[in-house]
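K.L.:
For 784-803, the entry in TrEMBL reads compositional bias 'Low complexity'. Positions annotated as domain 'SSD' by TrEMBL: 269-433. Among the features that TrEMBL reports, region 'Disordered' is placed at 772-803. Taken from TrEMBL, the feature transmembrane segment applies to 25-45, 265-289, 295-312, 319-342, 382-401, 413-435, 464-494, 688-708, 714-734, 746-767, 846-872.
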Amino acid sequence: MGHKNETSRVTRIWNALSYKIGSTVARYPVLTIVLCLTLSAIMSIKLSLTEKVSAIDGYASDDSMSRHEFKTFQQFLDSDGPGITMAILVRSKKTNGSLLEEKRLKEVVKVSDFISTSFKMNVSGTEKNFNQFCRGFCQANEPVRQYYNGLQILGKNHTDGISKRIDLSYPTSNFFGRKFSLIPNFFGISMSSDGQHLNSSNLIVLYFRAERYPDWTTKSVKQWELRVRDHFAKEYSSDLIIVDVMSQTVVESEIVRAGLSLQPFLIVGFVIMSIFCTITTMFSAVYLYSQKATFNKVALSIIACVTPFMACGTAMGTLFFCGVTFSPIMCITPFLVLAISVDDSFLMLHAWNRLESWRSSPLDKPMREHMMGEVLVETGPAITISALTNMLAFTIGAITSPPEIRVFCYGNAAAIFMDMFYQATFYTACMTLLADTKNVDGVSEKTKRIQEKMSQVVGRFLKWYVSAISNIFVSTGIVLIWVIFIGFAVLGLTRLHVELRPSKFFLKDSPMLYMDNLRTNEVVPYYTPVHIIVNHPGDLTNDSNVERLFELKQKLEHMPNAIGAPSTKFFLDDFVQYRTSFAEEIEMDVEEDDSTSEKSDLEQFLEWPEFSFWRGFLRFDNQSHPQNVTKFMFTTGFHGQDLKDWNKRGLLLKSWRGAVEEFQEDFNTTVFSEDAFFLDMIDSIPTVTWQTTLATFIFVSLVCFLFISDILTVIIVSIATLVTSVGVFGYLSLLGVTLDPVIMSIAIMCIGFSVDIPAHVAFHFYAAKAKKPSSSQPSTHQVSDITSQSTSTTSSASSSISTPNSFETNLTFALASVGFPVIQAGVSTDFCALPLGFMELYMAKMFALSLTLCVSLSLIHGLIIIPALLSVQHHILHAVKRCFSKGN
């Protein structure tokens with residue numbers, strides 16, 4: 001009479017729900033399709049209209065020190081957000097040409113003037129250029145201008161008097177009594193024979209920094225910087241110099257461009273998947289299930305590849321409606337969902353074909369509704385396990401990951417959910433209308449012979465394979481080889497280390513690659529600045545307090561890798577000297593003119609032209625008439641060839657923080673470095689990665705247990721999942737791959753992907769094991785009695801092979817049910833990832849390599865390792881039972 005089902009309660013409930021969904025959708029297929037297409041279209045429009053942006057700070061964790069330091073720095077600038085921060089890298093067009101030659105240096109000064117006067121921003125309703133809206137840091141490029149002026153004057157008048165007043169020494173020059181450091185602006189230098197003057201420089205860096213005004217928006221600031229970039233990239237032309245623009249906005253725009261460059265490859269992936277799906281679906285239907293080759297099969301194969309794009313459009317559009325921002329890494333999501341969705345479609349088509357091959361009653365509308373319900377009964381739990389584990393992996397990843405990867409995880413989880421929804425509704429409705437029936441009439445004798453031959457070959461191979469892997473010696477040998485595989489994977493994991501390179505996010509033709517290389521090799525080793533914010537400087541008339549502040553400065557100047565005093569900008573150096581030198585004059589001025597008595601020493605100090613630039617480094621209790629300094633900033637520089645390494649820079653950042661920690665109670669000091677967002681990831685990435693992986697593994701195992709209540713089977717699936725993930729990263733490490741934000745996001749992805757195929761195989765093995773057989777094949781009653789089957793949806797008895805309950809037959813059932821579909825799924829996923837491997841983009845290559853490795857290992861585990869482990873388990877349990885039975 002059927003089967004007494006011993007599946008888990010969750011599985012029985014889910015089967016009943018699956019049957020209800022399948023039969024209901026099959027009753028109203030056209031309405032379902034229209035509603036799904038409408039929803040997808042609305043959300044996809046929102047997706048297309050959403051601004052494509054990126055955020056460099058998005059890869060730093062929410063509780064990282066760099067976030068607190070950045071917030072403190074913004075508060076110091078009295079800014080609601082970042083203002084203009086841009087570096088202009090100028091190099092000679094002639095190889096090894098020196099920028100100190102007068103004609104080239106003149107062109108550099110012209111570039112500085114052009115940027116300062118030609119690009120305007122709206123400030124309180126008035127269009128102003130940089131010179132007009134700049135407040136505190138307008139003189140950052142004065143060393144370049146003064147050096148050029150000094151060269152011109154000395155070239156025309158090199159008398160002793162002029163030479164004494166103009167000294168263009170390195171690192172500190174003097175121009176008519178005004179000292180300025182050349183360290184921040186001149187790089188790639190060579191010194192003259194006396195070791196005190198510059199002989200040449202192949203790189204000059206110009207800085208443009210402006211605090212944000214209240215009526216500025218982040219978008220307007222970014223547009224200003226991009227206008228500068230676009231001018232020098234597209235319009236500027238010079239025979240003397242090359243000008244590159246570097247800013248956070250430019251970096252983000254290049255990351256977005258890299259992400260969007262994946263979109264054309266989606267078309268390639270779609271075409272490849274459609275062709276593969278069509279060929280394999282047609283082959284299995286015609287030669288395994290005696291069906292005709294029809295256009296309907298082609299249509300269903302293409303729709304299987306369209307469904308994931310609908311899911312992605314709907315999911316991402318919904319997220320953007322909810323206020324989630326775009327992230328370039330989300331451009332990978334369609335590839336992932338395409339791979340998952342096609343797997344599910346294969347299972348559904350395979351289930352339909354198997355059910356159809358057993359049908360004996362006419363395929364009228366009620367029967368079609370019943371069969372679609374049974375298709376979801378058979379495939380629903382496996383599809384759900386796959387979807388839930390992937391969703392769970394990405395949800396946990398979202399909780400523990402930094403913002404940019406969090407957005408990626410949200411997008412993937414939402415897209416996988418929508419894909420599961422569309423598989424159960426949209427694709428089921430399409431199958432209701434298009435799924436073919438068995439039809440042996442009109443099939444040629446040649447085709448029939450091939451069908452019979454294929455059936456015999458497949459049957460013999462499956463029997464041989466199950467028999468071989470059921471042999472204790474074969475299965476034990478496989479397990480031993482597997483253990484060796486694990487050993488090498490663990491070895492690889494021990495060698496996995498963090499390596500951060502921003503260039504990993506750019507296309508090969510991106511100018512950022514050259515600029516990053518230039519910065520890493522020519523700027524960072526010679527001048528790496530640190531900004532120290534003194535939030536509570538105290539009474540600056542108190543000598544002991546001032547001495548303590550000088551101790552802070554000197555501590556930093558005497559640290560390893562410190563350049564020292566020539567690179568330091570510390571306003572107290574000038575202010576103390578000013579008060580000492582001009583104290584008597586100030587007192588005399590006060591007696592002669594009482595009006596000056598209203599001005600503080602600080603206000604008078606800042607009115608001097610050579611000291612006015614300090615306003616950008618100071619904050620006062622009265623901005624109109626500066627009285628007391630409430631906070632101030634100073635900078636100092638560090639150098640060393642080892643700073644090319646991000647890990648060394650990370651250690652340097654820690655040493656800065658350690659140095660100012662000693663003065664925290666006195667002055668509430670804070671460090672700020674523009675690289676801190678990246679540098680903080682060096683420590684956070686390994687911790688976040690292993691914690692996320694462990695948490696995901698535990699919860700994924702719990703999901704499997706809900707549907708597979710056999711604890712030993714769940715343990716085997718969990719171990720296979722863990723080993724697949726360990727294998728991916730262990731062997732990637734052996735191939736030279738290092739840990740970074742991209743690899744961290746891949747780690748989350750792999751946990752979800754690695755459970756798919758093992759879960760399908762294990763679930764169907766468990767489903768066969770859980771059944772109490774009554775006959776060897778489905779009876780006519782089981783297939784044709786719709787009323788009875790509609791109410792008995794707690795199992796797929798009418799759609800499954802009923803066989804004697806033994807290990808070999810259970811494994812045969814599992815492999816016969818999902819063997820071909822999972823091979824289709826694994827190979828198709830590899831084909832899906834293939835286009836990414838041809839992109840000149842690190843992110844794309846890593847996803848292609850990792851996805852291919854993950855799916856291939858998952859396929860091996862599902863079809864070879866898990867059957868071998870189940871075989872070993874079966875033999876061990878059988879041996880234990882025999883021992884107990886003998887003992888009794």
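Glycine is no exception: its Cβ is also placed from the backbone N, Cα and C atoms.
Caution: TrEMBL annotation is automatic and unverified by curators.
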K.L.:
Answer yes if the transmembrane segment (846-872) and the transmembrane segment (319-342) have at least three CB pairs under 8 Å among residue pairs 6 or more apart in sequence, and no otherwise.
P.N.:
yes
K.L.:
Where among 319-342, 382-401, 688-708 do we find the most Cβ pairs under 8 Å to the transmembrane segment (714-734)?
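P.N.:
Maximum Cβ contact count belongs to 688-708.
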K.L.:
Which stretch from 25-45, 464-494, 746-767 shares the most C-beta pairs under 8 Å with the transmembrane segment (319-342)?
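P.N.:
Between the candidates 25-45, 464-494, 746-767, the best contact partner of the transmembrane segment (319-342) is 746-767.
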K.L.:
Please figure out which one of 25-45, 265-289, 382-401, 464-494, 746-767 racks up the most CB pairs under 8 Å against the transmembrane segment (688-708).
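P.N.:
Of the candidates 25-45, 265-289, 382-401, 464-494, 746-767, 382-401 scores highest.
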K.L.:
May I ask you to check whether the transmembrane segment (382-401) and the transmembrane segment (295-312) make contact, with contact taken as at least three Cβ pairs under 8 Å and only pairs 6 or more apart in sequence counted?
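P.N.:
In this chain the transmembrane segment (382-401) does not contact the transmembrane segment (295-312) - fewer than 3 Cβ pairs sit under 8 Å.
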K.L.:
Count the Cβ pairs between the transmembrane segment (413-435) and the transmembrane segment (746-767) that lie under 8 angstroms and are 6 or more residues apart in sequence, then report whether there are at least 3.
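P.N.:
No; fewer than 3 Cβ pairs under 8 Å.
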K.L.:
Quick one: mean pLDDT on the domain 'SSD' (269-433)?
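P.N.:
Average per-residue pLDDT within the domain 'SSD' (269-433): 85.
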K.L.:
Residues sitting near the transmembrane segment (295-312): Cβ under 8 Å, six or more positions beyond its termini, same chain?
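P.N.:
The answer is 36-37, 40, 44, 266, 270, 273-274, 277-278, 281-282, 285, 333-334, 337-338, 340-342, 345-346, 349, 415-416, 418-419, 421-423, 426-427, 430-431, 434-436.
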